[in-house]
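Taken straight from Swiss-Prot:
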BINDING   C12, C15, C34, C37  Zn(2+) binding site
BINDING   P117, T118, G119, S120, G121, K122, T123, L124  ATP binding site
DOMAIN    1-53  domain 'ClpX-type ZB'
Amino acid sequence: MVVEANKKELICSFCSKKQHEVKKLIAGPAVFICDECINLCMDIMEEESKIALKQITSTIPTPQKICSVLNDYVVGQEQAKKVLAVAVYNHYKRLEYVQSGNNDVELNKSNILLIGPTGSGKTLLAQTLAKILDVPFTMADATSLTEAGYVGEDVENILLRLLQAAEFNVAKAQKGIIYIDEVDKIARKSENPSITRDVSGEGVQQALLKIMEGTVASVPPQGGRKHPQQDFVQLDTSNILFICGGAFMGIDSIITSRTNNSSIGFAANVNIDKEKINREILKSLEIEDLTKFGLIPEFIGRLPIVTTLDDLDKEALVTILTKPKNAIVKQFKKQFELDEAELIVEDSALEAIAEKALAKKTGARGLRSIIEHLLLDSMYKVAELKKQRVTITEDVVKGLIEPIITSIITPTAKTSKKQAAVEDIPA
């Protein structure tokens, strides 16, 4: 019986063609696939890739429309929004051009570097762009990355997270956006090339070079180090848009030092207003400043578009609290509404919250934690606050008093009282 089974001719498990009818038959666990079926699968995947790209490029809005939607979510940063809108539009138009087969002019990919203080909106800009374009999006923290072979996270894990965001649709993932935060933290330790191995600084920059420029990376679907025997997914990064962001603390002094060197006499020593440093000095940013900060020239070369974000002032922070579609105060008000309670935040309280965030130097990022702290006790006993109004005043923000709780007098209750009074009047 065993001899007869061995003599039985092998067939493709998908098209049922016999071994002698095809060029190659590849064995798997209890299954076989022929070269013709493999080619058919490749054709299907290529067609799906074209359809996925067509869906993205056919619906891509103009730079003005992109900027308009960004305005709904991001306060201020007009120059950064304009630069991003144009860069993203050109990126996806480039994909459409490449897919069309035109090769008369080669269009290079333009990754983006965002430089701005903590809480200025770098991450929110990248997230909102991905939402507008409806493409897979993932974020990575550069501080957790290390060179391959060292303790920490491999660069390929960023691509794995993008694949997960695309539900392992390779064609879709290849048109996605990756945002790498805290990229200033992987600056090399000195301006000169390192003699000792810098595995979390220059080493990470070197590891990022290839995937940012465009390569076919082998991505481990279950993570690289825990499952070394797994099959790899091939992901082409040529059309993935990389946006890097960082605060680059201290780069203003590098710029000032460079620009002051060209000054004459005592003019070079004039104290520069801090506000001017944040808004004007960064506008003089040059590639040599980034190199001096610790980014290697090759890494800077992969980020041809550089834009800066301003420090947010008190007025901008108050606007962030109330105006955007996803404004923090709107979110908390909705949460209270869900429990049939009402939240009121007075204008003076909004200003006090903004001042607190400025004092802590946390920018917009710190606003939510301040409000969370103010409302913690109220949210803890929210079940008892049904038909109650919680009011946050300036004194509440300053910690002088607790949030003020009062009863809500509904219009229906007033109406019923009036009706009762009318009924009591004798005819």
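Glycine residues also receive a Cβ, built from the backbone N, Cα and C atoms like all the rest.
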Alpha-carbon distance [C37 (Zn(2+) binding site); L124 (ATP binding site)] in Å = 44
Key: G119 (ATP binding site) versus C34 (Zn(2+) binding site) - Cα distance in angstrom   = 55
Request  = Can you see whether DSSP assigns C34 (Zn(2+) binding site) to helix, strand or coil?
outcome  = strand
When distances run from the Cα of C37 (Zn(2+) binding site) to each of the binding-site residues P117, T118, S120, G121, K122, the nearest one = K122
Inquiry  = At a 10 A cut-off on CB-CB distances, which of the binding-site residues T118, S120, T123 has the highest count?
reply    = S120
Request  = Quick one: among the binding-site residues P117, G119, G121, which has the most Cβ atoms sitting within 10 Å of its own Cβ?
outcome  = G121
Ask   = For the binding-site residues C12, C15, C34, C37, L124, which Cβ has the most other Cβ atoms within 10 Å, all shown protein chains included?
value = C34
Ask   = Just counting, how many other CB atoms are there within 10 A of the CB of K122 (ATP binding site)?
value = 25
Remark   = argmin Cα dist to C15 (Zn(2+) binding site) over the binding-site residues S120, G121, K122 returns K122
Ask   = To what whole number does the mean pLDDT across the domain 'ClpX-type ZB' (1-53) round?
value = 75
Beyond the site residues C12, C15, C34, C37: chain residues whose C-beta lies within 8 Å of the centroid, for Zn(2+) = S13, F14, S16, K17, V22, L25, F32, I33, D35, E36, I38
Ask   = Reported as an integer number of Å, what is the Cα distance between G119 (ATP binding site) and C12 (Zn(2+) binding site)?
value = 58
Ask   = Can you check what DSSP calls T118 (ATP binding site), collapsed to helix, strand or coil?
value = coil
Query = In angstrom units, rounded to an integer, how far apart are the Cα atoms of C12 (Zn(2+) binding site) and T123 (ATP binding site)?
reply = 49
